[in-house]
Amino acid sequence: MKIILANPRGFCAGVDRAISIVELALEIHGAPIYVRHEVVHNRFVVNGLRDRGAIFVEELSEVPDGAIVIFSAHGVSQAVRQEAKDRNLKVFDATCPLVTKVHMQVARASRKGTKAILIGHKGHPEVEGTMGQYSNEDGGIFLIEKVEDIARLPMQDNDDLTFMTQTTLSLDDTAETIAALKEKYPAIQGPHKNDICYATTNRQEAVRELAKLSDLVLVVGSKNSSNSNRLAELASRMGIKSQLLDDPSDIQDDWFNDVKTIGITAGASAPEELVQSIISRLKEFGANTIEELQGLEENMFFEVPKELRIKEVN
């Protein structure tokens with residue numbers, strides 16, 4: 001069997017920054033460091049940080065007063081920020097700057113009283129944080145996931161409307177939903193370029209090319225990773241068998257029936273270390289050649305908070 005590697009794949013700038021924030025906070029301040037929600041959606045990464053002293057919680061009520069807490073890359077609502085401030089928690093914010101950009105769009109709509117429509121997945125922490133930027137009772141923010149949801153929106157054609165999207169959605173599904181929104185609400189405003197981030201876009205485009213050459217596409221990523229799930233879905237829609245896996249232990253013998261070429265990619269929160277461990281396992285199943293596709297070079301970089309750039313000196 002032959003292995004073909006997608007490019008780009010794996011960590012994006014926002015994930016790199018978020019992990020660095022937790023690592024630096026542990027190095028500078030020592031354990032325990034509390035993290036609200038999984039800092040990124042990858043089991044391997046989270047377990048590694050937990051082993052080093054990070055404590056992952058879902059609510060700030062689980063964090064002692066005055067402790068250090070890190071907000072995950074997915075962002076938090078204004079209510080969570082206020083709660084942290086009221087309880088005198090020391091906060092390091094690992095929210096991806098591209099998520100923060102969407103937060104600013106929602107906050108702007110809230111200040112103006114413009115009704116907002118967010119395209120995203122209900123229950124995802126990024127969506128909860130983004131929805132939580134809207135506080136104007138004279139307007140409102142409404143969540144839709146697909147074209148069919150548009151019919152139940154309560155707004156009128158002449159309402160002042162704007163839309164924004166979760167950053168990790170399917171490019172194809174989102175384009176279809178935006179087109180349907182504009183058809184129903186011709187005057188609706190939105191971002192000049194959709195809010196789906198560069199890493200999601202690049203990895204989906206890379207999988208399109210990978211799937212054309214593969215009998216099976218393996219996506220390295222955790223089940224709760226939105227962008228990883230979209231990669232597996234995209235390959236399946238192209239008629240190619242696909243599997244989402246956390247690590248080599250997930251690999252099953254029957255995946256390789258009639259498979260001559262295996263394509264491998266990784267979600268934006270999956271480290272290259274996992275990709276290489278899966279390649280090693282595939283060699284045991286008979287994979288004997290590896291090819292890496294050419295792809296877009298990514299050079300995006302996001303700084304960590306200033307307080308974490310220089311070690312404290314006693």
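A Cβ is built for glycine as well, from the same backbone N, Cα and C atoms used for every other residue.
The feature active site, proton donor is assigned by Swiss-Prot to E126, with sequence analysis given as support. On its own chain, E126 (active site, proton donor) has H74, G75, V99, G120, Q166, T167, T168, S226 as residues at least 6 apart in sequence with a Cβ closer than 8 Å to its own Cβ.
Look at Swiss-Prot and you will find C12, C96, C197 tagged as [4Fe-4S] cluster binding site, backed by sequence analysis. Every protein chain considered, the tally of other Cβ atoms within 10 Å of the Cβ of C96 ([4Fe-4S] cluster binding site) stands at 26.
The (2E)-4-hydroxy-3-methylbut-2-enyl diphosphate binding site annotation in Swiss-Prot covers H41, H74, H124, T167, S225, S226, N227, S269 and is backed by sequence analysis.
Marked as dimethylallyl diphosphate binding site by Swiss-Prot: H41, H74, H124, S225, S226, N227, S269. The 10 Å shell around the Cβ of H41 ((2E)-4-hydroxy-3-methylbut-2-enyl diphosphate binding site) contains 29 further Cβ atoms across the protein chains shown.
Long-range Cβ neighbours of N227 ((2E)-4-hydroxy-3-methylbut-2-enyl diphosphate binding site) (same chain, at least 6 residues apart, Cβ-Cβ under 8 Å): T168, A199, T200, R203, G221, G267, A268, S269. According to DSSP, N227 ((2E)-4-hydroxy-3-methylbut-2-enyl diphosphate binding site) is assigned to a helical segment. Taken from Swiss-Prot, the feature isopentenyl diphosphate binding site applies to H41, H74, H124, S225, S226, N227, S269, supported by sequence analysis.
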Beyond the site residues H41, H74, H124, S225, S226, N227, S269: chain residues whose C-beta lies within 8 Å of the centroid, for isopentenyl diphosphate: V40, E126, T168, N224, S228, G267, A268
Most Cβ neighbours inside 10 Å, all chains, among the binding-site residues T167, S225, S226, S269: S269
DSSP-derived structure type at C12 ([4Fe-4S] cluster binding site), helix or strand or else coil: coil
Which of H74, H124, all binding-site residues, has a Cβ with the fewest other Cβ atoms inside 10 Å: H124
